[in-house]
Amino acid sequence: MRNIFKRNQEPIVAPATTTATMPIGPVDNSTESGGAGESQEDMFAKLKEKLFNEINKIPLPPWALIAIAVVAGLLLLTCCFCICKKCCCKKKKNKKEKGKGMKNAMNMKDMKGGQDDDDAETGLTEGEGEGEEEKEPENLGKLQFSLDYDFQANQLTVGVLQAAELPALDMGGTSDPYVKVFLLPDKKKKYETKVHRKTLNPAFNETFTFKVPYQELGGKTLVMAIYDFDRFSKHDIIGEVKVPMNTVDLGQPIEEWRDLQGGEKEEPEKLGDICTSLRYVPTAGKLTVCILEAKNLKKMDVGGLSDPYVKIHLMQNGKRLKKKKTTVKKKTLNPYFNESFSFEIPFEQIQKVQVVVTVLDYDKLGKNEAIGKIFVGSNATGTELRHWSDMLANPRRPIAQWHSLKPEEEVDALLGKNK
(Lines of atoms letter the chains of each structure in order from A and count residues from 1; the text may use other names and numbers.)
(Lines give C-alpha, C1' and ligand atoms only; values in the text may rest on other atoms or scores of the structure.)
Protein backbone atom coordinates (compact mmCIF):
# COMPACT_ATOMS: atom_id res chain seq x y z
CA MET A 1 0.00 0.00 0.00
CA ARG A 2 2.88 2.32 0.82
CA ASN A 3 4.41 1.59 -2.52
CA ILE A 4 1.16 2.38 -4.29
CA PHE A 5 0.81 5.71 -2.46
CA LYS A 6 4.36 6.64 -3.35
CA ARG A 7 3.72 5.79 -6.99
CA ASN A 8 0.72 8.14 -7.09
CA GLN A 9 2.71 11.04 -5.64
CA GLU A 10 5.04 11.09 -8.66
CA PRO A 11 4.61 14.28 -10.70
CA ILE A 12 2.69 14.06 -13.97
CA VAL A 13 4.83 15.06 -16.93
CA ALA A 14 3.13 16.62 -19.97
CA PRO A 15 3.72 14.89 -23.26
CA ALA A 16 6.19 16.55 -25.59
CA THR A 17 4.69 18.57 -28.43
CA THR A 18 5.78 18.22 -32.01
CA THR A 19 5.89 22.00 -32.68
CA ALA A 20 9.32 23.49 -32.80
CA THR A 21 10.17 26.08 -30.24
CA MET A 22 10.64 29.70 -31.50
CA PRO A 23 14.01 31.15 -30.73
CA ILE A 24 13.99 33.94 -28.22
CA GLY A 25 15.42 37.22 -29.40
CA PRO A 26 15.25 39.45 -32.54
CA VAL A 27 14.61 37.76 -35.87
CA ASP A 28 17.10 38.48 -38.64
CA ASN A 29 15.19 39.34 -41.86
CA SER A 30 18.02 41.21 -43.43
CA THR A 31 18.45 38.73 -46.22
CA GLU A 32 14.85 38.92 -47.60
CA SER A 33 14.42 42.67 -47.22
CA GLY A 34 17.74 43.32 -48.81
CA GLY A 35 16.79 41.22 -51.83
CA ALA A 36 13.48 43.10 -52.41
CA GLY A 37 15.17 46.53 -52.19
CA GLU A 38 17.74 45.56 -54.73
CA SER A 39 15.07 44.41 -57.24
CA GLN A 40 13.11 47.74 -57.01
CA GLU A 41 16.27 49.74 -57.52
CA ASP A 42 17.14 47.61 -60.52
CA MET A 43 13.70 48.21 -62.06
CA PHE A 44 13.94 52.00 -61.51
CA ALA A 45 17.42 52.04 -63.02
CA LYS A 46 16.22 50.11 -66.05
CA LEU A 47 13.26 52.49 -66.60
CA LYS A 48 15.54 55.50 -66.21
CA GLU A 49 18.01 54.05 -68.66
CA LYS A 50 15.23 53.26 -71.14
CA LEU A 51 13.79 56.81 -70.87
CA PHE A 52 17.17 58.40 -71.49
CA ASN A 53 17.73 56.08 -74.44
CA GLU A 54 14.39 57.17 -75.96
CA ILE A 55 15.25 60.84 -75.38
CA ASN A 56 18.66 60.38 -76.97
CA LYS A 57 16.97 58.94 -80.05
CA ILE A 58 15.01 62.23 -80.63
CA PRO A 59 16.94 64.33 -83.23
CA LEU A 60 16.87 67.50 -81.07
CA PRO A 61 19.48 69.04 -78.80
CA PRO A 62 18.80 68.83 -75.06
CA TRP A 63 18.14 72.56 -74.73
CA ALA A 64 15.34 72.31 -77.32
CA LEU A 65 13.68 69.51 -75.41
CA ILE A 66 13.90 71.54 -72.21
CA ALA A 67 12.39 74.56 -73.97
CA ILE A 68 9.51 72.47 -75.31
CA ALA A 69 8.84 71.08 -71.86
CA VAL A 70 8.86 74.58 -70.35
CA VAL A 71 6.46 75.93 -73.02
CA ALA A 72 4.11 73.00 -72.55
CA GLY A 73 4.15 73.56 -68.80
CA LEU A 74 3.41 77.27 -69.24
CA LEU A 75 0.50 76.51 -71.58
CA LEU A 76 -0.93 74.03 -69.11
CA LEU A 77 -0.62 76.55 -66.28
CA THR A 78 -2.25 79.28 -68.41
CA CYS A 79 -5.21 77.04 -69.27
CA CYS A 80 -5.69 76.12 -65.63
CA PHE A 81 -5.51 79.80 -64.62
CA CYS A 82 -8.12 80.82 -67.25
CA ILE A 83 -10.51 78.06 -66.22
CA CYS A 84 -10.21 78.99 -62.55
CA LYS A 85 -10.68 82.69 -63.29
CA LYS A 86 -13.78 82.04 -65.42
CA CYS A 87 -15.35 79.88 -62.75
CA CYS A 88 -14.62 82.47 -60.05
CA CYS A 89 -16.04 85.33 -62.14
CA LYS A 90 -19.17 83.35 -62.93
CA LYS A 91 -19.76 82.55 -59.28
CA LYS A 92 -19.14 86.18 -58.34
CA LYS A 93 -21.54 87.44 -61.03
CA ASN A 94 -24.27 85.00 -60.05
CA LYS A 95 -23.85 85.97 -56.43
CA LYS A 96 -24.02 89.68 -57.29
CA GLU A 97 -27.11 89.26 -59.50
CA LYS A 98 -28.79 87.15 -56.88
CA GLY A 99 -28.10 89.76 -54.20
CA LYS A 100 -29.29 92.57 -56.46
CA GLY A 101 -32.42 90.69 -57.38
CA MET A 102 -33.21 89.90 -53.76
CA LYS A 103 -32.69 93.55 -52.85
CA ASN A 104 -35.07 94.69 -55.61
CA ALA A 105 -37.57 92.05 -54.59
CA MET A 106 -37.49 93.29 -51.03
CA ASN A 107 -37.89 96.89 -52.19
CA MET A 108 -40.88 95.94 -54.33
CA LYS A 109 -42.39 94.11 -51.41
CA ASP A 110 -41.92 97.10 -49.10
CA MET A 111 -43.40 99.52 -51.64
CA LYS A 112 -46.46 97.40 -52.30
CA GLY A 113 -47.17 96.54 -48.66
CA GLY A 114 -45.69 93.06 -48.56
CA GLN A 115 -46.99 91.25 -51.59
CA ASP A 116 -46.67 87.55 -52.24
CA ASP A 117 -43.77 85.58 -53.75
CA ASP A 118 -44.89 86.24 -57.32
CA ASP A 119 -44.41 89.98 -56.79
CA ALA A 120 -40.95 89.35 -55.40
CA GLU A 121 -40.07 87.37 -58.52
CA THR A 122 -41.34 90.25 -60.63
CA GLY A 123 -39.04 92.58 -58.70
CA LEU A 124 -36.12 90.29 -59.46
CA THR A 125 -36.87 90.34 -63.18
CA GLU A 126 -37.18 94.09 -63.25
CA GLY A 127 -33.92 94.47 -61.33
CA GLU A 128 -32.06 92.38 -63.89
CA GLY A 129 -33.43 94.48 -66.75
CA GLU A 130 -32.53 97.87 -65.26
CA GLY A 131 -29.30 98.07 -67.24
CA GLU A 132 -31.05 97.60 -70.58
CA GLU A 133 -32.04 100.74 -72.44
CA GLU A 134 -35.68 101.02 -73.39
CA LYS A 135 -36.12 101.31 -77.15
CA GLU A 136 -37.87 104.53 -78.02
CA PRO A 137 -40.77 104.24 -80.48
CA GLU A 138 -39.89 105.45 -83.96
CA ASN A 139 -41.41 108.81 -84.84
CA LEU A 140 -43.24 108.45 -88.16
CA GLY A 141 -45.04 111.78 -88.05
CA LYS A 142 -48.74 112.55 -87.68
CA LEU A 143 -51.83 113.03 -89.83
CA GLN A 144 -54.78 115.40 -89.49
CA PHE A 145 -58.11 114.16 -90.84
CA SER A 146 -61.84 114.80 -90.55
CA LEU A 147 -64.93 112.55 -90.51
CA ASP A 148 -68.53 113.46 -91.24
CA TYR A 149 -71.44 111.07 -91.73
CA ASP A 150 -74.63 111.97 -93.58
CA PHE A 151 -77.37 109.81 -92.06
CA GLN A 152 -79.90 110.68 -94.78
CA ALA A 153 -77.60 109.81 -97.68
CA ASN A 154 -75.83 106.95 -95.82
CA GLN A 155 -72.53 108.54 -96.81
CA LEU A 156 -69.22 108.86 -94.94
CA THR A 157 -67.02 111.80 -95.93
CA VAL A 158 -63.32 111.48 -95.08
CA GLY A 159 -61.13 114.56 -95.22
CA VAL A 160 -57.37 114.13 -95.53
CA LEU A 161 -56.16 117.53 -94.34
CA GLN A 162 -52.42 117.54 -93.74
CA ALA A 163 -49.44 115.63 -92.35
CA ALA A 164 -46.49 116.82 -90.29
CA GLU A 165 -43.02 115.68 -89.21
CA LEU A 166 -42.82 112.86 -91.76
CA PRO A 167 -39.51 110.96 -91.98
CA ALA A 168 -37.23 111.62 -94.95
CA LEU A 169 -37.06 108.60 -97.25
CA ASP A 170 -35.40 110.18 -100.31
CA MET A 171 -31.71 110.88 -100.81
CA GLY A 172 -32.22 114.64 -100.64
CA GLY A 173 -33.60 114.48 -97.10
CA THR A 174 -37.26 114.81 -98.11
CA SER A 175 -40.15 112.59 -99.25
CA ASP A 176 -42.84 112.63 -101.94
CA PRO A 177 -45.89 111.72 -99.82
CA TYR A 178 -49.41 110.81 -100.85
CA VAL A 179 -52.26 109.11 -98.96
CA LYS A 180 -54.30 106.00 -99.76
CA VAL A 181 -57.76 105.93 -98.16
CA PHE A 182 -59.92 102.81 -97.93
CA LEU A 183 -62.25 100.83 -95.67
CA LEU A 184 -61.45 97.40 -94.31
CA PRO A 185 -62.22 94.58 -94.68
CA ASP A 186 -63.50 94.79 -98.26
CA LYS A 187 -61.21 97.43 -99.90
CA LYS A 188 -63.77 97.77 -102.69
CA LYS A 189 -63.15 101.47 -103.08
CA LYS A 190 -59.66 102.86 -102.67
CA TYR A 191 -58.81 106.55 -103.05
CA GLU A 192 -55.47 108.31 -103.43
CA THR A 193 -54.52 111.92 -102.87
CA LYS A 194 -52.19 113.84 -105.16
CA VAL A 195 -48.45 113.39 -104.68
CA HIS A 196 -46.75 116.32 -102.95
CA ARG A 197 -43.14 116.62 -104.05
CA LYS A 198 -40.17 117.07 -101.73
CA THR A 199 -41.91 117.88 -98.46
CA LEU A 200 -42.19 116.46 -94.96
CA ASN A 201 -45.23 118.58 -94.04
CA PRO A 202 -47.71 118.22 -96.92
CA ALA A 203 -51.10 119.93 -96.98
CA PHE A 204 -53.52 117.65 -98.87
CA ASN A 205 -56.97 119.15 -98.20
CA GLU A 206 -58.83 116.48 -100.16
CA THR A 207 -62.13 114.75 -99.34
CA PHE A 208 -63.43 111.31 -100.28
CA THR A 209 -66.85 109.74 -99.84
CA PHE A 210 -67.91 106.17 -99.07
CA LYS A 211 -71.49 104.99 -99.54
CA VAL A 212 -72.02 102.79 -96.48
CA PRO A 213 -75.26 102.14 -94.54
CA TYR A 214 -74.92 103.15 -90.91
CA GLN A 215 -75.81 99.62 -89.75
CA GLU A 216 -72.76 98.24 -91.62
CA LEU A 217 -70.36 101.04 -90.70
CA GLY A 218 -69.62 99.70 -87.21
CA GLY A 219 -67.93 96.60 -88.61
CA LYS A 220 -65.51 98.57 -90.78
CA THR A 221 -62.13 100.20 -90.16
CA LEU A 222 -60.98 103.35 -91.93
CA VAL A 223 -57.35 103.21 -93.07
CA MET A 224 -55.33 106.25 -94.16
CA ALA A 225 -51.86 105.12 -95.25
CA ILE A 226 -49.13 107.56 -96.27
CA TYR A 227 -46.70 106.40 -98.97
CA ASP A 228 -43.52 107.86 -100.42
CA PHE A 229 -43.88 108.02 -104.20
CA ASP A 230 -40.98 106.58 -106.23
CA ARG A 231 -41.08 106.83 -109.97
CA PHE A 232 -38.81 103.88 -110.69
CA SER A 233 -39.51 101.41 -107.89
CA LYS A 234 -42.17 100.25 -105.47
CA HIS A 235 -43.61 102.97 -103.25
CA ASP A 236 -42.54 102.73 -99.60
CA ILE A 237 -45.10 103.02 -96.84
CA ILE A 238 -44.30 105.74 -94.29
CA GLY A 239 -47.06 104.98 -91.78
CA GLU A 240 -50.79 104.69 -91.37
CA VAL A 241 -53.73 105.66 -89.19
CA LYS A 242 -56.45 103.07 -88.50
CA VAL A 243 -59.80 104.21 -87.17
CA PRO A 244 -62.25 101.44 -86.11
CA MET A 245 -65.62 103.00 -86.92
CA ASN A 246 -67.30 101.41 -83.89
CA THR A 247 -65.09 103.60 -81.66
CA VAL A 248 -66.14 106.90 -83.24
CA ASP A 249 -69.16 109.05 -82.37
CA LEU A 250 -70.48 110.21 -85.73
CA GLY A 251 -73.22 112.34 -84.21
CA GLN A 252 -71.16 115.41 -85.09
CA PRO A 253 -68.24 116.16 -87.45
CA ILE A 254 -64.80 115.11 -86.18
CA GLU A 255 -61.42 116.70 -86.83
CA GLU A 256 -58.27 115.49 -85.10
CA TRP A 257 -54.56 114.68 -85.29
CA ARG A 258 -53.25 111.14 -84.85
CA ASP A 259 -49.74 109.73 -84.76
CA LEU A 260 -48.77 107.48 -87.65
CA GLN A 261 -48.16 103.84 -86.81
CA GLY A 262 -45.94 101.42 -88.68
CA GLY A 263 -47.92 99.98 -91.55
CA GLU A 264 -47.64 96.57 -93.15
CA LYS A 265 -46.23 96.40 -96.64
CA GLU A 266 -49.06 96.19 -99.10
CA GLU A 267 -49.05 93.04 -101.16
CA PRO A 268 -48.98 93.72 -104.89
CA GLU A 269 -52.46 93.51 -106.34
CA LYS A 270 -52.97 90.59 -108.71
CA LEU A 271 -54.05 91.95 -112.07
CA GLY A 272 -53.99 88.74 -114.09
CA ASP A 273 -51.80 87.12 -116.75
CA ILE A 274 -51.60 87.35 -120.52
CA CYS A 275 -50.17 84.91 -123.07
CA THR A 276 -48.56 86.40 -126.17
CA SER A 277 -46.61 84.98 -129.10
CA LEU A 278 -43.74 86.77 -130.87
CA ARG A 279 -42.29 85.95 -134.30
CA TYR A 280 -39.67 87.89 -136.23
CA VAL A 281 -38.46 87.30 -139.80
CA PRO A 282 -35.16 89.20 -140.27
CA THR A 283 -35.04 88.93 -144.06
CA ALA A 284 -38.52 90.41 -144.45
CA GLY A 285 -38.20 92.76 -141.47
CA LYS A 286 -41.57 91.59 -140.16
CA LEU A 287 -42.60 91.29 -136.49
CA THR A 288 -45.80 89.38 -135.71
CA VAL A 289 -47.46 89.77 -132.31
CA CYS A 290 -50.24 87.32 -131.47
CA ILE A 291 -52.49 87.94 -128.47
CA LEU A 292 -53.55 84.43 -127.50
CA GLU A 293 -55.46 84.63 -124.19
CA ALA A 294 -55.60 86.10 -120.68
CA LYS A 295 -56.59 84.63 -117.33
CA ASN A 296 -57.50 85.68 -113.79
CA LEU A 297 -58.03 89.30 -114.76
CA LYS A 298 -58.95 91.84 -112.12
CA LYS A 299 -62.70 92.38 -111.60
CA MET A 300 -63.57 95.83 -112.90
CA ASP A 301 -67.37 95.80 -113.21
CA VAL A 302 -70.01 95.90 -110.47
CA GLY A 303 -71.10 92.35 -111.29
CA GLY A 304 -67.61 90.99 -110.56
CA LEU A 305 -66.58 90.60 -114.21
CA SER A 306 -64.85 92.65 -116.91
CA ASP A 307 -65.15 93.38 -120.63
CA PRO A 308 -61.50 93.05 -121.60
CA TYR A 309 -59.70 93.92 -124.81
CA VAL A 310 -56.01 94.46 -125.66
CA LYS A 311 -54.11 97.38 -127.16
CA ILE A 312 -50.68 96.91 -128.77
CA HIS A 313 -48.36 99.89 -129.26
CA LEU A 314 -45.08 99.82 -131.19
CA MET A 315 -42.79 102.37 -129.53
CA GLN A 316 -39.34 103.83 -130.09
CA ASN A 317 -37.61 106.39 -127.86
CA GLY A 318 -40.85 106.98 -125.97
CA LYS A 319 -42.85 107.71 -129.14
CA ARG A 320 -45.78 105.62 -130.38
CA LEU A 321 -45.13 104.50 -133.94
CA LYS A 322 -48.14 102.23 -134.52
CA LYS A 323 -51.24 101.08 -132.63
CA LYS A 324 -53.41 97.93 -132.89
CA LYS A 325 -56.22 96.50 -130.74
CA THR A 326 -58.22 93.31 -130.35
CA THR A 327 -61.96 92.83 -130.17
CA VAL A 328 -63.78 93.20 -126.84
CA LYS A 329 -64.67 90.01 -124.95
CA LYS A 330 -67.81 90.56 -122.87
CA LYS A 331 -68.25 89.61 -119.21
CA THR A 332 -65.23 87.40 -118.67
CA LEU A 333 -62.05 87.32 -116.62
CA ASN A 334 -60.46 84.64 -118.81
CA PRO A 335 -60.80 85.87 -122.40
CA TYR A 336 -59.53 83.97 -125.45
CA PHE A 337 -58.43 86.23 -128.33
CA ASN A 338 -56.03 84.45 -130.73
CA GLU A 339 -55.58 87.60 -132.82
CA SER A 340 -52.37 88.44 -134.72
CA PHE A 341 -50.89 91.81 -135.70
CA SER A 342 -47.88 92.53 -137.93
CA PHE A 343 -45.38 95.40 -137.87
CA GLU A 344 -42.71 96.27 -140.44
CA ILE A 345 -39.40 96.67 -138.60
CA PRO A 346 -36.01 96.52 -140.40
CA PHE A 347 -33.43 94.26 -138.80
CA GLU A 348 -31.17 97.19 -137.87
CA GLN A 349 -34.07 98.76 -135.92
CA ILE A 350 -35.38 95.69 -134.07
CA GLN A 351 -33.20 96.31 -130.99
CA LYS A 352 -34.44 99.91 -130.70
CA VAL A 353 -38.19 99.28 -130.42
CA GLN A 354 -40.55 98.11 -127.67
CA VAL A 355 -43.90 96.39 -127.95
CA VAL A 356 -46.32 97.56 -125.24
CA VAL A 357 -49.33 95.34 -124.48
CA THR A 358 -52.16 96.84 -122.39
CA VAL A 359 -55.28 94.99 -121.19
CA LEU A 360 -58.25 97.34 -120.70
CA ASP A 361 -61.80 97.04 -119.45
CA TYR A 362 -64.27 98.38 -121.99
CA ASP A 363 -66.86 100.79 -120.61
CA LYS A 364 -69.70 101.81 -122.89
CA LEU A 365 -70.52 104.99 -120.98
CA GLY A 366 -67.31 106.08 -119.27
CA LYS A 367 -63.58 105.88 -119.81
CA ASN A 368 -62.00 102.52 -120.52
CA GLU A 369 -59.81 101.61 -117.54
CA ALA A 370 -56.47 99.83 -117.84
CA ILE A 371 -56.35 96.51 -115.99
CA GLY A 372 -52.63 95.91 -116.46
CA LYS A 373 -49.72 96.26 -118.79
CA ILE A 374 -46.43 94.71 -120.00
CA PHE A 375 -43.77 95.58 -122.54
CA VAL A 376 -41.16 93.50 -124.38
CA GLY A 377 -37.95 94.71 -125.94
CA SER A 378 -34.18 94.74 -125.56
CA ASN A 379 -34.43 97.09 -122.55
CA ALA A 380 -37.15 95.08 -120.76
CA THR A 381 -36.44 92.94 -117.70
CA GLY A 382 -37.34 89.51 -116.34
CA THR A 383 -39.60 87.24 -118.38
CA GLU A 384 -40.31 90.03 -120.87
CA LEU A 385 -36.61 90.35 -121.78
CA ARG A 386 -36.23 86.58 -121.98
CA HIS A 387 -39.22 86.35 -124.31
CA TRP A 388 -37.72 89.00 -126.61
CA SER A 389 -34.30 87.31 -126.57
CA ASP A 390 -35.82 83.91 -127.37
CA MET A 391 -37.64 85.45 -130.34
CA LEU A 392 -34.42 86.92 -131.76
CA ALA A 393 -32.53 83.67 -131.14
CA ASN A 394 -35.17 81.67 -133.06
CA PRO A 395 -35.99 83.63 -136.25
CA ARG A 396 -39.14 82.68 -138.17
CA ARG A 397 -40.43 80.66 -135.20
CA PRO A 398 -43.36 81.85 -133.05
CA ILE A 399 -42.37 81.94 -129.36
CA ALA A 400 -45.27 81.98 -126.87
CA GLN A 401 -45.02 82.90 -123.19
CA TRP A 402 -47.19 83.94 -120.24
CA HIS A 403 -46.58 87.30 -118.55
CA SER A 404 -47.96 88.73 -115.30
CA LEU A 405 -49.69 92.07 -115.79
CA LYS A 406 -48.22 95.07 -113.96
CA PRO A 407 -49.78 98.38 -112.92
CA GLU A 408 -49.95 100.88 -115.76
CA GLU A 409 -47.99 103.58 -113.91
CA GLU A 410 -45.17 101.14 -113.13
CA VAL A 411 -44.70 100.17 -116.78
CA ASP A 412 -44.99 103.79 -117.93
CA ALA A 413 -42.26 104.74 -115.46
CA LEU A 414 -39.97 102.03 -116.84
CA LEU A 415 -40.63 103.14 -120.42
CA GLY A 416 -39.88 106.74 -119.48
CA LYS A 417 -36.65 105.67 -117.81
CA ASN A 418 -35.53 103.78 -120.92
CA LYS A 419 -36.00 106.68 -123.34
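A Cβ is built for glycine as well, from the same backbone N, Cα and C atoms used for every other residue.
Swiss-Prot marks one residue of Asn29, Asn379 with the annotation N-linked glycosylation site, and that residue is Asn29. Of the residues Asp176, Asp186, Swiss-Prot puts just one in the Ca(2+) 1 site with Asp170, Asp228, Phe229, Asp230: Asp176. Asp236 is the residue from Asp150, Asp236 that Swiss-Prot records in the Ca(2+) 2 site together with Leu169, Asp170, Asp228, Asp230. When Cβ atoms from all protein chains are considered, those within 10 Å of Thr199 (phosphothreonine) total 13, not counting its own.
Here the CA atom of Thr383 (phosphothreonine) lies 23 Å from the CA atom of Asp230 (Ca(2+) 3 binding site). Within the model, the region 'Phospholipid binding' (133-379) carries an average pLDDT of 89. Tyr227 (phosphotyrosine) and Asp236 (Ca(2+) 3 binding site) have their C-alpha atoms 6 Å apart, to the nearest angstrom. Thr383 (phosphothreonine) sits 25 Å from Asp236 (Ca(2+) 3 binding site), counting Cα to Cα. Sequence-distant contacts of Asp236 (Ca(2+) 3 binding site), defined by Cβ-Cβ distance under 8 angstroms and a gap of at least six in the same chain, are Leu169, Tyr227, Asp228, Asp230.
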